[in-house]
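Feature annotation from TrEMBL assigns domain 'G-protein coupled receptors family 1 profile' to 58-307. The transmembrane segment annotation in TrEMBL covers 43-64, 76-98, 118-137, 157-175, 216-235, 255-277, 289-309.
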Amino acid sequence: MSVCIFYCIVQDSHTSYMEQENHTQFSEFILLGLSEEAEMQPLLFWLFLFMYLITFAGNLLIILTTLFDSHLHTPMYFFLSNLYFSDICFTSTTIPKMLLNIHIQNKSITYKGCLTQMYFFILFAELDIFLLSVMAYDRFVAICHPLHYTAIMNPHLCGLLLLASWTLSVLDALLRGLLVLRLSFCTDLEIPHFFCEINQVIQLACSDTLLNVIEMYFATGLLGIIPLSGIIVSYSRIFSSILRITSTSGKYKAFSTCGSHLSIVSLCYGTGLGVYLSSAATQNSRASAIASVMYTVVTPMLNPFIYSLRNKDIKRALKSLVSTVTFNE
């Protein structure tokens, strides 16, 4: 509901702004995509359709598994379900539009559509980051304070942590969207990407973008570095506690409880850092767009497999769900 309210605010702000400013005379952007070669379009369509369906089905299956298995009704799987829901939404903001453009052979996206896509892309990207940091704190409490885990990670605190993650993500996405509304655009409206990536959109503006750049660096520092620092601190305490365990089996059990989450964190931040470094190393926007496929498509697709392959509880629940469905048939 809060997302819909903020979306309406963005729409109203855009309407009032366009009524006041007449120098932005355009209605759409052009998404150049990953390749302009005609023979590559069918391959890109089927490849990304396949990855999107795998992402959607894999994440949805884990969500349903955690909902229907009472043994998984714990804080860890509560946040995991929300992470996978966020991943579905995150991928759905970009890939369906890309597939539609390839199918109808039309690369355009409306101004409002671009702004909406940008807003939800930022929202769910930041929600992923916050949820990963919250899950790191959950693992910290579970390993370092096991006797007080239930008391600390109670439903009230879990709800507050989830609400805080959503609120911060919504507010920053709204702020960035409103700052884009104040920009004027000239005649060059081609975005060398397969979605409305905010940096690429800002570069097309012919008005002053200093405020947008300042906010971008500030948000990256505040909403990127702080959650990552929280993850690093949590895992440093976790590793310190594990090293004090005398038995080998105890150490293995402790590592296994956070191994899947640590793998997802490494994949998320690793691909994001890789895209950032590749963008800094080359001025080729198309190469950066291809590199961004890693964190926009590949990472959400691999996340469910990481948990299903490494987590015994998930594997047991999946087998139980499959056997139940098969038996009912």
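Every residue, even glycine, has its Cβ placed from backbone N, Cα and C.
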Can you find at least 3 Cβ pairs under 8 Å between the transmembrane segment (255-277) and the transmembrane segment (157-175), where each pair is 6 or more residues apart in sequence?
-> no
- Counting Cβ pairs under 8 Å that are 6 or more apart in sequence, does the total for the transmembrane segment (76-98) and the transmembrane segment (157-175) reach three or more? yes
Model confidence over the domain 'G-protein coupled receptors family 1 profile' (58-307), as mean pLDDT, sits at 87
Long-range Cβ contacts under 8 Å made by the transmembrane segment (216-235), restricted to residues 6 or more beyond its ends, are 126, 129-130, 132-133, 136-137, 139-140, 168, 172, 175-176, 198-199, 202, 258, 262, 265, 269
